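Contents: one structure, followed by commentary.
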Amino acid sequence: FILGETCSALLLFISIMTMFMSGVVAIFEYDLKKIIALSTLSQLGMMMFSISLGLYELAFFHLLTHALFKALLFLCAGILIHGAGNTQDIRSFGGLSLNFPLVTVCMNLANLSLCGVPFLAGFYSKDLIVELACQYSWGIFVLLMMFICLSLTVLYSVRLTYLSFVGPYGGGTSISVCESDCSLVGPVGILSFTSLVSGPILSWLNFPAPVLIFLPVFLKWGALFFVGVSLLVMLSLQGLTYSYKWGAVSKFSGLMWFLPWLTGQGFSMKTLKNA
């Protein structure tokens, strides 16, 4: 019993730090594919967080919903990269909503589902995990970190949308003819439909009865408060990420907090040099 609690606490710590690290790194990242990959890492941390609390069915439920809207996000990203002259730097995008209106709608739908906006696929799984996690007695630090990680997801998702579709033109080339290719747009439309309806359908299939959760008012409003704060931080970061004082933080985040070097690159570089 003690060993099980120790493993759960260790998994809880690793999952929260994984969500936090991937969210912070995604804020300072400009590679479109890396941002989406980091969001995948963040959601994997959410699944492990759910498992650490003993919510195994919810973790599997979030895995299913996440697979649908994340596949939509990757497909839309591929269309944008193909239509923007094979560039992945979101600083060279800007104003793509005029050239890619359909992809813009579908990609924002996937981003909103990733953020857990109500009645989209991601809401039905993420909201259940968050509300049930609020009922566990792990302490205020765990709850605070969970809300911060949720706000980081909103922050880098809104930042991606702003720099890609709303912000000023970045100077790259764009080809709007991509949306006339049915082989590209067809799967995007199907996945967009599943991102809208898969949440309640999978919820009805996975759970035999509805769950009624009672929480204090401050916890109910906690997620909304942190989301609002993250939006304000995102707006302020747009003018600061290019400044000198944020250069060290951006470089540190771009190197993934030196974790790749600690986990494999340092050892592999030495072995390759000796080979």
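Cβ coordinates are placed from backbone N, Cα and C, and glycine is handled just like the others.
From a predicted model like this one, the values you see are computed outputs, not experimental measurements.
Record features, source TrEMBL:
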DOMAIN    5-147  domain 'NADH:quinone oxidoreductase/Mrp antiporter transmembrane'
DOMAIN    156-273  domain 'NADH dehydrogenase subunit 5 C-terminal'
TRANSMEM  6-28  transmembrane segment
TRANSMEM  35-53  transmembrane segment
TRANSMEM  59-81  transmembrane segment
TRANSMEM  102-124  transmembrane segment
TRANSMEM  136-158  transmembrane segment
TRANSMEM  211-235  transmembrane segment
Mean pLDDT for the domain 'NADH dehydrogenase subunit 5 C-terminal' (156-273), as a whole number?
74
Across the domain 'NADH:quinone oxidoreductase/Mrp antiporter transmembrane' (5-147), what are the DSSP residue counts per state (helix, strand, coil)?
111 helix, 2 strand, 30 coil
